[in-house]
């Protein structure tokens, strides 16, 4: 052993003595640093940058310490091989601790951590959950919800950070800060809030706007006032030995110049084509489309309703109204996103027309109601066909999937020239109610009201037969039924034995049932999209996912479970859906609900809703497998705050890979959008999403 120790240039006793000496030196250095920190006054520059008058001394002492340690390194004091082994052990221990943390976090919520997340990702996720803002470089600071602006005269010690370095141009004599920046409302504004003295946001063209200047000021001392320039946060200056805190009236918005361009489409009215497949008021529509073209909108989205085109008999298609509409769009050099709408319209939020399924399908449904979804009490939902008949020849000799394919193939042949000219840029394939890939678990016509958990929709005889077959394959014949303790449409999770914390949803039967229920959803999407890819070869296809955000912060995510998204707090329910979309090269269109819009419709805090967290989970699940993401707003949006939230979601500021939406569809074209003030805000939104800098000429 001694031979081995001499070979490394030291001995065991010397190594221990050296380690003790180094520890004592480290403690002495720490004590000296603390004394210097306490005795060194803070210098505040006019730009809000904090510096220490002892920085130069610190640097010199640090250089001297390095020279001392390097001069003492004539004989190696450590054992390289054994040190390497100790490093490996420490790394394994660190990974084991991180793995335990990652395994335990899902019990307390969805933190959207990747599988091989490190401890830095965990800390950042916990900080965001606690309401802190975490920037891309790791800079972390509290959001304004954790503090309020003190009254005049209150002394506040500013926080400093060495994680960012900003050159100082000027310095003022030592002073104490007399106030802090005012609160800001939107999440976009948090990113620019200078709660750290060294944080300096990017300047924008708004700084040159004289109309944006504010003349508010907060004085600390006797009287007086000072002009305030439109800075991002509060700035400090010294006027006649009196400290002045400048507080701007409102924060500047994020600058989108230089960011990727996101194409913008506008959804046409639901009833733009009437039940006779005729275009309603083509002159008025053409006028509105010209206005949209004038502000550089890329195109429009339109529903091609199954109940209009194939209304009277199987495989008899009438595309006349759509031909006229598409010609107008082409003349104006706009593009088209077309929805293959295999569902009925009417009875849902925002539906202003009634378009049922084809008459011949309704006739079949009267004699065979099992072609529709059914709840536990046997109530049928004629909004769309049950996925149980995807492979059942109950539609006059055809399966449902064959009917969908024939419809899509007819469209492709009829509008071939629009595909060849690139006018049709995307085909969105309807996969369920409202065109979304989900079960109709929350039908208003059956009494559902927000924020009820909804009901499972698997009680038609064909789906029950599938459930029975799956249960018998598992060897559990008594599992051939749906849950009998899942409550009703308007129940809360805590009111049921299935969805409550520790409920049956996480038991053996619950996991089996939910796995089968969600797999039926994935299989349906897989079958229809495989045929859509065949019919629309060479054209982008997409599927729409619904944002079921209520009860997201509960353990079971009950509303998502009844909709078919198996996404409790300990499982990622969207990964299987994204993998299926990836197999077909399909994009995902995620309908996103903004808090600012939801707040206008009521206070739903008791629903444990979290649309922001849900959106991030769905977007990351798609982006992680390189699926293009498009989006549209779930509710009408006409104010600047709502538009800013859309922009932040379309072009995430802190995304390390600079990912963004591939397209955005605005809901929807109508007389209200054409009103002057509302359209001015819309035009401003379009310019900003096109990465242009915008001056507030209208504010």
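Backbone N, Cα and C atoms are what each Cβ position is placed from, and that goes for glycine too.
TrEMBL entries are annotated by machine, without manual review.
TrEMBL tags one of the stretches 143-173, 174-204 as region 'Disordered', and that stretch is 143-173. Across the domain 'BES1/BZR1 plant transcription factor N-terminal' (77-200), mean pLDDT in this model comes to 57. Other C-beta atoms found within 10 angstroms of the C-beta of residue 632 (active site, proton acceptor) number 22, with every protein chain shown included. The two recorded residues, residue 436 (active site, proton donor) and residue 632 (active site, proton acceptor), have Cα atoms 12 Å apart.
Cβ neighbours within 10 Å of residue 436 (active site, proton donor), excluding its own Cβ and spanning all shown chains: 22.
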